[in-house]
Amino acid sequence: MVQSAILGFPRMGVNRDLKKATEAYWAGNLSQEDLLTEAKRLRLAHWNIQKDAGVDIIPSNDFALYDQVLSHIQDFGAAPERYTNSNLNPVDEYFAMGRGHQKGGVDVSSLEMVKWFDSNYHYVKPTLQDNQTFKLSASPKAVVEFKEAKEAGINTRPVLVGPVSFLHLGKADRGQSVDPIDLLEKLLPVYEQLLVQLKQAGAETVQIDEPVLVFDLPSKTKAAFKPTYEKFAGLGDKIPKLVFTTYFGDIVHNIDLVPKDIYAVHIDLVRNPEQLETVAGALGPKTILSAGIVDGRNIWKTNLKRAIEIAETAIQKLGKDRVIVATSSSLLHTPHTLASEKKLDPEIADWFSFASEKAGEIAIIAKAVTEGPVAVREALEANAKSMNARATSKRTNDPKVKDRQSKIAESDYNRKSEFSTRISQQQKKLNLPLFPTTTIGSFPQTKEIRVQRNKFTKGEITEAQYDKFIEQEIDMNVKIQDELDLDVYVHGEPERNDMVQYFGERLNGYAFTTHAWVQSYGSRCVRPPIVVGDISRPAPMTVKESKYAVSVSKKPMKGMLTGPITCLRWSFPRDDVHQSVQAEQLALALRDEVIDLEKAGVDVIQVDEPALREGLPLRSGKEREAYLDWAVKAFRLATVGVEDSTQIHSHFCYSEFQDFFHAIAALDADVLSIENSKSDAKLLSVFVDSAYPRHIGPGVYDIHSPRIPSEQEIKDRIEEMLQYLKPEQLWIDPDCGLKTRQWKETKEALINMVNAAKFYRAKYAK
């Protein structure tokens, strides 16, 4: 019998229940007991969804109140002392590491948060000390949740982040010099204790995730795999059987690091199906292959015929007793259920499959390869009909878009003049001071904004009434910026629901959901639009609001757009057309918008590309360079149609620039704003080493935390930045948009930021 398995399930619940509970707890409106009760209810509901779908192997410990890596940090006693010495209870200590804490006499910032590989999910980085010790929690979360499922009559497979990946994905704390991988010998006893406890609790197998195997790894990390898994093998029957799990890429280049005597190995055959033959041939004689053939990262219905063919190929090589069919990765990256989508066009809805539906797909595949296709004939026939309907639909193809793409010329990728010429013209027009201050784009989305937007969506107020409300919000935002004395304003984006969804709703080629929420980080959820066909702009998207904002502002006003790569990466892209084609179509649509903004009197236009780094292929080489080539071209195609005096900005979140700095420079944006508030300022050295001539705003405080940075704290950050950047290069801004913050904390933080900038302005003016 071939079993079916899921590597992880979405946590938020069908109605974003976890988000609502955690935010109520943070606001003081829900007790800790009630929060934990709600979390337990969600776990049980999710296990039952998978059980009822017929899935054989159901994960536990894939749930987290904030982040799964953060849960490991706490369970392994790896929380830095600034948190453990704060006398917070375990739940509040956990949240303090994730989002900071500033009340009750405790003031700690959050740990660094970065993208989970090339996904839009963010994890909390393990942050380690030179004298680091590890100690297993008295009640390890993995054991507690396994027992919880067992009591409910569901036998699960606990999920752990593997020790090598945990350390490789970590970093030394500020002021520390430890190489995390050197802590392996200290960490392994904690894993051994945890695995023994799981075995004693009744766990037969454990999914141990080592996704870093898809990277080009340094020699020390490579060398860590053999002793780690030899030590686990030496424990024999004292621990559960281990499923060595990888995803998001191929592992052929690291195939020699896969333990030969491991119980099972999981590989991602959606992302890299070509690795099947090599990996299957390299497995130990008894090792089981877990074949990831249902996409854990996208929402398209699985082509069951193709998936079954891949599973059959694996069975031919290894036999039915040595193959498990599985999701390619955790389903964390997909929405909860398609059943919630009552307003989707039935034609399009038939093309989709969300997490709950994917559970059914994986069970169907397992039954098909175990009992034969005839056992699931109706399901296969319905699936084939869906595949054909999508392939032949007129919604997917627009000849006008393809014709415009065919006419793109090399000159369409270049600004009229070099930066040195542009910046002098821009300075003459904008007349900005040294250390100019600005924000990244969005201001707090208040309850009133959401209420009015909802009323407009439901038809309870007219378009004219809604437009008037938005103008009043822009007026207020401008007035606040007048009071703060910022140098370059933003209109605050009160009309926008999401930085990608807003644009997708105004472009041809997109489809939208009402409940297809996906966790981005913590309680933050996004509802990615879906690219279903060729993309074009039928009309201006932001010009009306930006033109009004310019008319009521006495200082330069930024026009705010989301870049082509981010629009693509933060959507669910098509899987039938290369992403470079989709990016180019988005770039042409945005090019029209940029030119229209300039015509409307907008002198500063910010085209955000926070997802540029996220899309970078995980390994260096031809694939990475090919991606950067088309991604940079897409950005330039979108932005270079303006005059020299129009200043182009771009924003990047959580980017390790040393990996792709040449591409950042090639974007040719006049001003970059980057997330650097929780990163070591040494990362800015790449701008010095490469003699970067353009302007930079490295983000002086963390907006993902509610804590308010002091003026001195911001001065200290600026002082660090000036070790790497020239005063005339440096812009002062938060590290991201302020949409998720409250007005009180926003104003207080910005007052401190402006005062710090003025201090340095006066200092360098002497």
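Going from the start of the chain as shown, residues are counted 1 onward.
Backbone N, Cα and C define each Cβ position, glycine as well.
All TrEMBL annotations are machine predictions without curation.
So that you can see what the record holds, here are the features copied from TrEMBL:
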type     : residues                               : note
ACT_SITE : His704                                 : active site, proton donor
BINDING  : Lys19, Asn120, Arg524, Cys525, Trp570  : 5-methyltetrahydropteroyltri-L-glutamate binding site
BINDING  : Ile440, Gly441, Ser442, Asp608         : L-homocysteine binding site
BINDING  : Ile440, Gly441, Ser442, Glu493, Asp608 : L-methionine binding site
BINDING  : His651, Cys653, Glu675, Cys736         : Zn(2+) 1 binding site
BINDING  : His662                                 : Zn(2+) 2 binding site
COMPBIAS : 395-415                                : compositional bias 'Basic and acidic residues'
DOMAIN   : 4-316                                  : domain 'Cobalamin-independent methionine synthase MetE N-terminal'
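Here nothing among the binding-site residues Lys19, Asn120, Ser442, Glu493, Cys653 falls inside 10 Å of the CA of His704 (active site, proton donor). Relative to Cys736 (Zn(2+) 1 binding site), the binding-site residues with Cα atoms inside 10 Å are Ile440, Gly441, the candidates having been Ile440, Gly441, Cys525. Nearest to Glu675 (Zn(2+) 1 binding site) in space, judged by Cα atoms and limited to the binding-site residues Lys19, Ser442, His662, is Ser442. For the recorded positions given as Lys19, His704, the lowest number of other CB atoms within 10 Å of the residue's CB is seen at Lys19. With DSSP states grouped into helix (H, G, I), strand (E, B) and coil, the compositional bias 'Basic and acidic residues' (395-415) comes out at 14 helix, 0 strand, 7 coil. Around the Cβ of Ser442 (L-homocysteine binding site), 22 further Cβ atoms fall within 10 Å across all displayed protein chains. Each residue contributes its Cα atom, and for Arg524 (5-methyltetrahydropteroyltri-L-glutamate binding site) and Cys653 (Zn(2+) 1 binding site) these two points are 15 Å apart. For the pair Asp608 (L-homocysteine binding site) and His651 (Zn(2+) 1 binding site), the C-alpha distance works out to 5 angstrom.
Counting only the Cα atoms, the space from Asn120 (5-methyltetrahydropteroyltri-L-glutamate binding site) to Ser442 (L-homocysteine binding site) is about 19 angstrom. Neighbours of the L-homocysteine site: apart from Ile440, Gly441, Ser442, Asp608, residues of the same chain with C-beta atoms within 8 angstroms of the site's C-beta centroid are Thr439, Val490, Glu493, Met499, Met560, Gln606, His651, Cys736, Gly737, Lys739. Mean per-residue pLDDT, taken over the domain 'Cobalamin-independent methionine synthase MetE N-terminal' (4-316), amounts to 97.
Taking the Cα of Ser442 (L-homocysteine binding site) as the reference point, the closest of the binding-site residues Lys19, Trp570, Cys653, His662 is Cys653. Closest to Cys653 (Zn(2+) 1 binding site) by Cα-Cα distance, out of the binding-site residues Lys19, Gly441, Glu493, His662, is Gly441. Ranking the binding-site residues Arg524, His651, His662 by the number of CB atoms within 10 A of their own CB puts His651 at the top.
On a Cα basis, His662 (Zn(2+) 2 binding site) lies 32 Å away from Cys525 (5-methyltetrahydropteroyltri-L-glutamate binding site).
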